[in-house]
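K.L.:
Per TrEMBL, transmembrane segment is recorded for 21-38, 44-60, 67-87, 99-120, 127-145, 157-173, 225-251, 339-362, 374-407. What TrEMBL records for 182-350 is domain 'O-antigen ligase-related'.
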Amino acid sequence: MSVTDAPVAVTHRPRSQGAGWSLNEFLAFGGVAAITLAFPLKDAITSATVVSVALAPVWWQATKRFIGARVLIGLGALALASGLWLSAVASSDHAVNPLVVRSTTFLMIGGFCSIGLILWARTVLSLRVVGLAAAAGIIARLAVVEPPNPVNPWKHGISYALIVLLLALVLRNRPRPVEIVLLLGLAVASALNDSRSAFATLLLTALLVAWQLRPTTMGRKTSALATIALFAGVAACVYTVGTTLILDGYLGESTQQRSQAQVEASGSILLGGRPEWGASIALSQDRPIGFGVGVIANLDDILVAKSGMADLNYDPNNGYVENYMFGSEIKLHALVADLWANFGIPGLVLAGAMLGITIWSLATLVARRTAPALVIYLTCLFLWNFAFGPILSSMPGLVLGLGLLLVRRDDEPMERPTPVTTT
């Protein structure tokens with residue numbers, strides 16, 4: 001069976017007139033909102049950790065209905081065990097931060113349990129309502145936990161909440177032109193607020209939504225493999241066009257000047273903007289097994305990292321390396337690099353599995369022409385953070401993205417219909 005012959009995701013569930021919500025529906029909505037709220041309770045424990053772990057008996061069976069879900073959860077558990085073991089091994093010649101050990105442990109447990117809870121919520125609620133529940137939690141977090149950074153509130157807080165809310169509001173069975181209009185408007189707003197990555201992510205999302213709206217006369221059947229090739233080509237075009245617009249000054253003078261300096265230093269905006277990759281590569285060559293959860297780099301590690309960053313024509317002697325990257329833990333500013341540093345080889349295996357399952361799932365939905373803009377956006381956000389986002393700030397988008405993206409098995413209905421009572 002081709003991907004286009006597969007069942008179509010139903011995102012609007014019919015409801016009988018006057019029917020109220022069941023207990024499971026209230027539990028699913030509140031659970032998803034609690035995940036994205038991530039209200040701090042004690043130490044590194046948040047509402048996401050408590051709710052998702054407490055509801056594990058409820059959501060565990062639902063994970064077998066989604067391709068790759070149990071693989072990811074299993075690899076996550078293996079990676080965490082590896083990270084704790086590596087930490088014990090490294091303690092002989094490295095300091096270990098116990099607070100970071102606890103916070104990272106709870107981050108992993110809460111994160112992967114939260115994916116399971118969101119998957120279960122999709123069997124109880126429509127995808128649109130799950131998205132709205134997530135948006136409610138994100139907005140509440142901005143109001144009571146983590147207000148937007150006043151230096152650039154759009155870039156650091158408002159944009160993510162608004163994007164999730166608006167794209168959830170317009171989410172239907174299949175992509176619609178209104179999603180493209182919203183995405184382009186949000187992309188312009190991001191460009192005007194010095195948010196280059198958000199601009200590129202939203203533009204790429206708009207192009208993939210537009211591709212699904214092409215006339216059926218251009219070919220109804222498209223394989224997931226061909227869609228992956230298309231995705232790579234579109235991403236390359238977005239990068240090329242976006243770089244040209246930035247360097248020509250269309251996205252603002254400050255963005256232009258900063259980008260030009262990065263290109264002159266390293267040859268590209270990506271490497272110039274993320275010199276941490278130089279440190280990651282150098283450290284992985286020096287210590288392939290990784291470091292472990294909560295391990296603090298010693299002087300030799302810092303010198304190795306600085307050498308790698310200097311190879312990219314970046315001056316590492318500015319306090320950033322000592323204070324941010326290696327101050328209280330090892331932070332390499334890329335999800336894949338942080339997974340390796342914290343969890344070693346199993347962390348890399350987990351990263352590879354997440355990347356492969358994510359790309360395949362998105363390609364499958366796009367080939368079916370059933371990938372909503374919200375799911376595409378969160379997937380693109382994950383792919384960006386995979387290479388350029390630290391694990392702590394990447395985890396909320398990763399959890400929500402995988403929870404909404406994973407594809408149901410063909411022998412399972414895409415969304416459970418609500419029974420309609422008759423008189």
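Heads up, residue numbers simply count up from 1 along the chain you see.
Glycine too: its Cβ is placed from the backbone N, Cα and C atoms.
Keep in mind that this is a model prediction, so the values were computed, not measured.
Could you tell me the structural context for the features on the list?
P.N.:
Below 8 angstroms of C-beta separation, residues 27, 30-31, 34-38, 99, 102-103, 105-107, 109-111, 113-114, 116-117, 119-120, 399 of the same chain, each at least six residues beyond the ends of the transmembrane segment (44-60), sit close to that stretch.
Under 8 Å from some Cβ of the transmembrane segment (67-87) lie the Cβ atoms of residues 96, 101, 104-105, 108-109, 111-112, 115-116, 119, 289-295, 339, 342-347, 349-350, 353-354, 357, 361, 402, 406-409, all in the same chain and six or more residues away from its ends.
If one looks beyond the transmembrane segment (99-120) by at least 6 residues along the same chain, the residues whose Cβ comes under 8 Å of a Cβ in the stretch are 28, 31-32, 35, 43-46, 48-49, 51-53, 55-56, 58-60, 62-63, 65-66, 69, 72-73, 76-77, 79-80, 83-84, 87, 130, 134, 293-294, 328-329, 342, 391-392, 395, 398-400, 402-404, 406.
Long-range contacts of the transmembrane segment (127-145) within the same chain, counting only residues at least 6 positions beyond its ends with a Cβ under 8 Å from a Cβ of the stretch, are 9, 11-12, 28-30, 32-40, 118, 121, 157-158, 160-161, 164-165, 167-169, 171-172, 372, 374-375, 400, 403-404, 415.
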K.L.:
For the transmembrane segment (374-407), find every same-chain residue at least 6 residues outside the stretch whose CB is under 8 Å from a CB in it, and list them.
P.N.:
35-36, 38, 48, 66-69, 72, 107, 111, 114-115, 117-119, 121-122, 127, 130-131, 134, 160, 163-164, 167-168, 171, 183, 197, 200-202, 204-205, 208-209, 270, 273-274, 331-336, 338-339, 342, 351, 354-355, 357-359, 361-362, 364-366
K.L.:
Grab the same-chain neighbours of the transmembrane segment (21-38) for me: Cβ-Cβ under 8 Å, and only residues 6 or more beyond its ends, written as numbers and ranges.
P.N.:
46-48, 51-52, 55, 58, 114, 117-118, 120-121, 124-125, 129-130, 133-138, 140-141, 145, 396, 399-400
K.L.:
Mind checking which residues reach the transmembrane segment (339-362)? Cβ under 8 Å, same chain, six or more beyond either end.
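P.N.:
Those are 67-68, 71-72, 75-76, 78-83, 86, 104, 224, 228, 231, 280, 283-284, 288-293, 330, 332, 371, 375-376, 379, 382-383, 386, 391, 398, 401-402, 405-407, in sequence order.
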